[in-house]
Amino acid sequence: MALFNSAHGGNIREAATVLGISPDQLLDFSANINPLGMPVSVKRALIDNLDCIERYPDADYFHLHQALARHHQVPASWILAGNGETESIFTVASGLKPRRAIIVTPGFAEYGRALAQIGCEIRRWSLREADGWQLTDAILEALTPDLDCLFLCTPNNPTGLLPERQLLQAIADRCKSLNINLILDEAFIDFIPHETGFIPALKDNPHIWVLRSLTKFYAIPGLRLGYLVNSDDAAVARMRRQQMPWSVNALAALAGEVALQDSAWQQATWHWLREEGARFYQALCQLPLLTVYPGRANYLLLRCEREDIDLQRRLLTQRILIRSCANYPGLDSRYYRVAIRSAAQNERLLAALRNVLTGITPAD
């Protein structure tokens, strides 16, 4: 039975209420946020410009869109910022209004919600445990002329796996030939060093929509900032007109402008994930009764080999919150997602997992 009402991670208020403690007493591994925290440059800019909240934001977000355009080396007219990438998901779904769409499971729940709101027929393509939850070329056969849209999360959430570029290109080519809009959710791609995603390929592929997030990499989930990118200026302009005015607050827009210039922060994050991610993965693999999938983002998918062990409940008693994946289509109560955090925080989770799993054998 689910512990919480929320369908997402990061629900520390409800988890803390279950324990009868303050939320700041809980160590949260359920939300995939950069543990280095907000860049100092962003924090300083917000503090120095607090008076901007006394004015309406620029309705066109000119400076933010220019900063994003410089960052990706594309025209600003290709970009539409939103109140977190989740808004961009709903914006592109309502703007394209597909009649039939495929979403890959397990995957982010908001694709289905956004499509359901517009009455779209949803077909689910299930990743297989036998394939290590990796996307294979079998999906190409599911791309048929009656489809309007395909949602892909690259890297996938919750598996953290990134499909091979050759396969993604084959999918993009088939979608183009069949006039299918390909929506690529690249919310976590910034965590993968030197991985540019599909934005550089958009010029000749107006059927591809790339969704990005600044929330996770720059640790600003409370501000909310995401954006979509597409090379069809007219289509983006149409969505811009349909978007709610002032959907991005002034502080979030400023944070985005400043964060994108902080290359030192990017390098520091890559260094942390390269070192700590590998160490944490290896340490988890040494624990009994756990299967750990080698994701490339800042989180890992785990499977507990004992269905009667509720790791989320057990760890919560030690004031640690992890993400149960039982509500992901295609997964069940054996699966969990954990963020990769600082070395000290990861050690605390490892110690708690040892306490739960050590001494328990499959024969018990």
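Even glycines carry a Cβ here, placed using N, Cα and C.
If you look up Swiss-Prot, you'll see HIS8, GLY9, ASN32, ASN157, ARG323, ARG337 marked as O-phospho-L-threonine binding site. Sequence annotations record features per position, and here Swiss-Prot assigns N6-(pyridoxal phosphate)lysine to LYS216.
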Which number gives the other C-beta atoms within 10 angstroms of the C-beta of ARG337 (O-phospho-L-threonine binding site), all protein chains shown included?
26
Could you check the recorded positions LYS216, ARG323 and say which one's CB has the most other CB atoms within 10 Å?
ARG323
To the nearest Å, how far is the Cα of ARG323 (O-phospho-L-threonine binding site) from the Cα of the residue listed as 'N6-(pyridoxal phosphate)lysine'?
16
Most crowded position, judged by CB atoms within 10 A, among ASN32, ASN157 as binding-site residues:
ASN32
Between LYS216 (N6-(pyridoxal phosphate)lysine) and ASN32 (O-phospho-L-threonine binding site), how far is it from one CA atom to the other, in Å?
6
